[in-house]
């Protein structure tokens, strides 16, 4: 921009000077023509005056050039100032963007950490919380909780059980008081069913098919057991030391096994290893091929492992008649441990 302004001033100045010189020359010619009768002395004065006029014009031209140079310098300085201000503004904007990005990253971390703290606080039993503290700090667990946080927050598809009931199985009995472990695959995926205990449903929810078959087996296995028609809430078992653990602790609505790759298997395998190391005798009940793959985790000979088909209607013939409930009580009694009252009332 400064170059264009300078060219304009130079052209304008040159034109003005040329016009001045032409006017002076015209005056001289006119003067010479009209004063033919004037004395030679007067002509000499006019000739002597001409160099003075030219000198004045030249001086005027130099002033214009000097003014143009100063204008160029001022414009260049202004351009430099503008560039400097623009650089400062860009630097400030970059710093602002970096600070905003860092703030977002920190906020994201805080959100994840707060959720992680909440999850840990869902363990109300101190023994379990202490026993699993090493798992809480592992990368797979943090990644899993972060992923679950996004799924629960998005609300695109309901996740079961509710977040505060994921670890319900750990809060009914101390680690040292566990007597029987019944392993399920993943939670019920219907609305209002799952609440953190394998095979159990919430109060007021009718028993699902697998639980109905469990009740049928109890009717033939445990004397005096009467099958409840409308109650599938197995909390009374959990309070006596029956650890109802699903291998995968969360699921999307209407999508069984949808969270099987989240990392839950690593966590629940760690739980089963902890149980296997316990000195008190425990009965591990494995229904179906999925649960029976966990048998390799139980290396302590103090424990009893019972296996059969799954109580699902698809494999009922391999389940009915297993008598796992009476066998569990017989084992506990032989070890001097109080038996389980399997009764569930309406």
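Here the Cβ of each residue, glycine as well, is placed from N, Cα and C on the backbone.
The annotation active site, proton acceptor is assigned in Swiss-Prot to 186 on the grounds of sequence analysis. Annotation source Swiss-Prot lists compositional bias 'Basic and acidic residues' at 20-29. The compositional bias 'Low complexity' annotation in Swiss-Prot covers 30-42. Sequence annotations record features per position, and here Swiss-Prot assigns compositional bias 'Basic residues' to 43-64. Feature annotation from Swiss-Prot assigns compositional bias 'Acidic residues' to 67-86. Under the heading region 'Disordered', Swiss-Prot lists 1-105.
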Secondary-structure category, per DSSP, in which residue 186 (active site, proton acceptor) falls: coil
The residue listed as 'active site, proton acceptor' CB neighbourhood, other CB atoms within 10 A: 22
